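Remarks on the structure that follows.
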């Protein structure tokens, strides 16, 4: 069948011609303005020669009076043309938001998708700027991975990825010549920072954890335990940025933690600000999505979706039939919202959600969902049906027809049966066919397989930045710093860590000794030793125990001295006349005896 798909170049020849004409017009206007300014500054004797006639003098005076107005008009015209030019070609403006990553690295696709990275698509283009521009078109895209072409300045393939799973960076990279990356600077800013070893006190880093999805009236615990500093964080401050102001925020016994309650349906943002002992601070935000009944349907009640790609990644989904979270194998791309990395996440979002009209749990029952939208332009989060109508992009290939013509499921069936679909590429658009996504995704997995060497495990494990995790256990582990070539102890909280943690220094050295900074995609700053909040808590506990022991020893010492003093023999005191003086208590006894003893 014929199917309109977007070719990924997101540009057209008309746009290119407009850009050339606009640049020529701007150049001409600038030259005219320069000539007018030069004419105005010409010495008086020259102007006298050119204005001998009365008419010439009048024309000259008129032009001089109007010159400021002409210049203002020309400046405004140039500004409008530049604005229009940027509007016609927003890719140029977006390109400045991306930074070039470390050369000669390819995405470790299998591990990245395993931890939540999403493959968006692979447009058919031949230039780096066009690849980044295609990434700009999708609000979820923050990584443009390119395979170098045969000729300098060209690329063979362009792969677009979302490296954030609920605002947590999950992409991993391995060395491979012939590849380059562009990353969205606001997302990967920490990874791009150069470390200054001569700086004695670096700024702290606020880490608030990943975004949350919960049901109304659930209680959410927010903490900044993973925040780091090279000395000590002395203050954690949580504030609500947006959302219903009726929420209640309460501090707990941990200085970095707050308890959030009274949550109604909506989107909430909370900001964590950390301050170190030098007064330096850093902030970050975390989003809490409290599901409406309609959102709960998409997050909890839609069927599990394998997707158009044919990988195998363990995920969890909420089953509307069993009303429990169940495990399934995800294909690797184009997921729906009922897709979770862990059972805990799934339960937190969907526990006790029911399809019954009057669920005993108090969670919502069935809801009426909007059908396809027609007569509107499909945005980047929408799928365009063959009839031109729009549905949510996550509904494509979910084994249920949402498009009235069934086009959202047709190509998915072709993939599973090995058929190929004829496509028509339309200029200026950016949709990727499911069949094309699957072949490109397999290509990435094959690249990773060919990259595997004897030391592949070592490189993969030992180049991951150390993670303490959100839990509060105090486990001493070792991580490898590839830039220093040595293993360093750190406190691991007990959950949600990564592979760069070892039980002993020797285990760390045995696996990682051959790995160097050239093997690491992240900058040196992400591997430098940091003081985590968990470590500062341990230090505080140790100090408190030390003080308690000191006080206990002082009390015991006092009691022993007192007992020793009381056990010493008493000596009689002699007065000046030689008489023996008795202690006061003995004298009292004598008085008592003399008055009570019968005569």
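Here the Cβ of each residue, glycine as well, is placed from N, Cα and C on the backbone.
Model, not experiment: these values are computed from the prediction.
What TrEMBL says about this one:
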{"type": "DISULFID", "residues": "378-390", "note": "disulfide bond"}
{"type": "DISULFID", "residues": "385-403", "note": "disulfide bond"}
{"type": "DISULFID", "residues": "397-412", "note": "disulfide bond"}
{"type": "DOMAIN", "residues": "101-182", "note": "domain 'MANSC'"}
{"type": "DOMAIN", "residues": "300-350", "note": "domain 'BPTI/Kunitz inhibitor'"}
{"type": "DOMAIN", "residues": "462-512", "note": "domain 'BPTI/Kunitz inhibitor'"}
{"type": "TRANSMEM", "residues": "67-87", "note": "transmembrane segment"}
{"type": "TRANSMEM", "residues": "539-561", "note": "transmembrane segment"}
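Shown for the domain 'MANSC' (101-182): DSSP residue counts in helix, strand and coil, namely 16 helix, 32 strand, 34 coil. Ranking the disulfide-bonded residues 378, 390, 397 by the distance of their Cα atoms from the Cα of residue 403 (disulfide bond) places 390 first. Counted within 10 Å of its Cβ, the other Cβ atoms near residue 385 (disulfide bond) come to 22, all protein chains included.
Cβ-based neighbour count (10 Å, all protein chains) for residue 390 (disulfide bond) stands at 19. Working note on the disulfide-bonded residues 378, 397, 403: by count of other C-beta atoms within 10 Å of each C-beta, 397 ranks first.
Helix, strand and coil residue tallies for the domain 'BPTI/Kunitz inhibitor' (300-350), in that order: 10 helix, 16 strand, 25 coil [DSSP]. Here residue 397 (disulfide bond) is positioned 14 angstrom away from residue 390 (disulfide bond), judged by their C-alpha atoms. The DSSP secondary structure for residue 390 (disulfide bond) is strand. Secondary structure from DSSP puts residue 403 (disulfide bond) in coil. Under the DSSP three-state reduction, residue 397 (disulfide bond) is assigned to coil, being neither helix nor strand.
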